[in-house]
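Just below is one structure, and these are the notes that go with it.
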Amino acid sequence: MDEAPNNRTSLAKGAKDIAKEAKKQAAKNLNKAVDRASDEYMTHRSYNRFQNEEEDYNSYSQPDAHYADNAANDEDGASSDATEGHDDEDEIYEGEYQGVPAYNDGKPRDGQVALGQPVSDSLKSHKELENERQADEEELAQQYELIMQECGHGRFQWQLFFVLGLALMSDGVEVFVVGFVLPSAETDMCLPNSGAGWLGSIVYLGMMFGAFFWGGLSDKVGRRQCLLISLSFNGFFAFLSSFVQGYGMFLFCRMVSGFGIGGAVPIVFSFFAEVLAREKRGEHLSWLCMFWMIGGIYASAMAWAIIPHYGWSFSMGSAYQFHSWRVFVVVCALPCVSAVVALTFMPESPRFYLQTGKHDEAWMVLKQIHDTNMRARGEPERVFTVNRIKVPRQLDELVEMQNESANPVLKVLFKITTELRGIWLTFLRCFNYPVKNNTVKLAAVWFTLSFGYYGLSVWFPDVIKHLQADEYASRVKIHNNERIEDFTFNFTLENQIHRNGVFMNDRFISMKFKAVTFIDSSFVNCYFEDVSSVGSVFKNCTFVDSFFYNTDVDDAKLKTSKVINSSFHHNKTGCQMTFDDDYSAYWVYFVNFLGTLAVLPGNIVSALLMDKIGRLSMLGGSMVLSGISCFFLWFGTSESMMIFMLCLYNGLSISAWNSLDVVTTELYPTDRRGTGFGFCNAICKLAAVLGNLIFGSLVGITKAIPILLASAVLVGGGLVGLRLPDTRANVLM
């Protein structure tokens, strides 16, 4: 009678010994599988071979691995949410998600094959925990690549492509709005020359801080949430800026608008890269870059169609003016609003969820991607076979907790300071091994490329205007010592200089002075009614017994002039704007439209060749070629030649932008991708500010220095870009 219990005890002990030995062998084979997978990626071999050879130990595609992983939990007397309540005879169907137990102190981690009793985390140093997390992240990167291969590339990626494209289009629109609105806003708000250029600089400063802040925050709270908030900032303040009247308030609104849109580029590329398989990433990130060009075309076309139409304005009294350029600002906010609405229907990045330990949420998003793509392919019966996903160890951070009864304001401030501190610490990690050298090189390439591009392109309308101004000045009519009496002027006087003239008993009624200068002239008993003086001035003139009614002649236009026994009634307030027959306005917008459209061939070429010739070859070659083409702008002596060289420069430089976006996305690990990209994009906007200031101050003096400077920095940046590591074969860490 006693033999039966003894036999059962012996059998149970033998079964346990066999299970332990099986687990040891499983651990060895799993490590071999991961090493073999790494070799496959480095030697460009297929993923299918890795999957087939290690099918029995694949931790994401086979239900057996589910039991193997949970054996460690059973060995230690612990049970997870995935296995609790199940008997040995329970049936688990392929593709059934059993839940991934979260990591807790003192419990075995998910995805870990037990090799004896695990060591308590409290007995491990921080460095050991970091090393374990690094190993987990490397294993997750390999596994995630296989998961994305199973999900396929289809309808979901294309839906997200267009949604994120609208956000990227908003960034392109914001950049071009600065150049188009600048002349009109400064004229409408009576801005003196000393304040010119501040609008462009303040917007780029806002974008610089926004890129760093939103990029860093996206690594903490998520890509989708940060992108929604940042775009909402941009849309609201861009819309508000079209209605404010004061230049100071207008600057503030555009700065906050720039702060919001600054987060678009780093978040958009990080987000989209995390739902793409390796072989699709370079090409489709390059296609995504086309939306920035579409934003430029949209802004150019709207400026061309709206701003020159002075009749598209209205006023409420003399205090509130809503001119056509304000309508243009409202229209340019529409892509941002559309992006916010569309983004509310998209999920968060599953790669971000896994990085932050939200494994259940990540599984749901991955299943959504898989099912959406399979239904679009006509294969709705295909089951998502993933039921176990590797989750990196979540390292606890020591955070000082506030009292439950603390002041709500203090709680909010504490939360803000905690997030800012987290962003700063993540930023400092971008300068740790092994990404430190890459960060420095990327910053140099971003700075040089941006300095050359924004310095030339954003201020290029001023180059055209100066060429036109020189031609306009060559056709000026000069009148000396003229004397006109009892004459009625009811037509436009344009591009004239009158020296030592005498006007007696003359009438200036319903007429316009356009670029007319009076020097040392006298006006005796003259009558001015409904007169506009655009770009006109009276220098050292004398007005005697004259009458002004409903004119815009004020002290700013009467430079060192004497007014004797004359009166001004119902003067026009504010700066007078007009685009009637303004050929130069139409021409500048059309030139920008052509320059932006010239980017299209470069976009197509870069997308098709990104994975064939490599990111670095395209980056370095494009920057060197664009620097050479920039040099030839120096020899441009006519508008047509300058326009042709600008189009050539834009077409060559766009490949460098696309390559740089892809390389930056792939060089940073997931927990620092938004922060690293945001920092590089902030450097880009800083270079844009410097380019605006330097090129803007020299464009009216000489074109040689800024063009040669841009050419030199582009070639230098291209050579630095060639020193970056090649990322074509990389999986997203």
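Just so it is clear, glycine is given a Cβ too, placed from its N, Cα and C backbone atoms.
The compositional bias 'Polar residues' feature in TrEMBL is assigned to 1-10.
The annotation compositional bias 'Basic and acidic residues' is assigned in TrEMBL to 14-24 (among others).
According to TrEMBL, the feature compositional bias 'Basic and acidic residues' maps to 33-43 (among others).
The compositional bias 'Basic and acidic residues' annotation in TrEMBL covers 123-134 (among others).
Residues or ranges marked as domain 'Major facilitator superfamily (MFS) profile' in TrEMBL: 160-728.
Residues annotated as region 'Disordered' in TrEMBL: 1-87 (among others).
Residues annotated as region 'Disordered' in TrEMBL: 99-136 (among others).
The transmembrane segment annotation in TrEMBL covers 160-183 (among others).
What TrEMBL records for 195-214 (among others) is transmembrane segment.
Away from its own ends, the transmembrane segment (226-243) comes close to residues 167, 170, 174, 210, 214, 217-218, 250, 253-254, 256-264, 267-268, 271, 322, 326-327, 329-330, 332-333, 336-337, 339-340, 343-344, 674 of its chain (Cβ-Cβ under 8 Å, at least six residues beyond either end). As annotated by TrEMBL, transmembrane segment applies to 226-243 (among others).
Below 8 angstroms of C-beta separation, residues 160-161, 164, 167-168, 170-171, 174, 178, 185, 189, 198-199, 202-215, 217-218, 223-224, 226-227, 230-235, 237-238, 240-241, 281, 284-285, 288, 336, 349, 661-662, 664-666, 673-674, 677-678, 680-682, 685, 732 of the same chain, each at least six residues beyond the ends of the transmembrane segment (249-273), sit close to that stretch. Annotation source TrEMBL lists transmembrane segment at 249-273 (among others).
Residues or ranges marked as transmembrane segment by TrEMBL: 285-307 (among others).
Taken from TrEMBL, the feature transmembrane segment covers 327-346 (among others).
Here TrEMBL flags 442-460 (among others) as transmembrane segment.
The feature transmembrane segment is assigned by TrEMBL to 586-609 (among others).
Summarising the annotation, TrEMBL assigns transmembrane segment to 616-635 (among others).
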Does the structure show the transmembrane segment (327-346) and the transmembrane segment (586-609) touching, where I'm treating 3 or more Cβ pairs under 8 angstroms (sequence separation 6 or more) as a contact?
no
Under a Cβ pair cut-off of under 8 Å, which of the recorded stretches 160-183, 285-307, 616-635, 641-663 contacts the transmembrane segment (704-724) most often?
616-635
In this predicted model, what is the average pLDDT of the domain 'Major facilitator superfamily (MFS) profile' (160-728)?
82
For the transmembrane segment (586-609), which partner among 616-635, 641-663, 675-698 gives the most CB pairs under 8 Å?
641-663
Using a Cβ cut-off of under 8 Å, list the residues of the same chain at least 6 residues beyond the transmembrane segment (675-698) that approach it.
196-197, 200-201, 204-205, 207-209, 211-216, 218-219, 262-263, 265-266, 269-270, 423, 426-427, 429-430, 435, 439, 442-443, 446-456, 458-459, 462, 664-665, 667-668, 705-706, 709-710
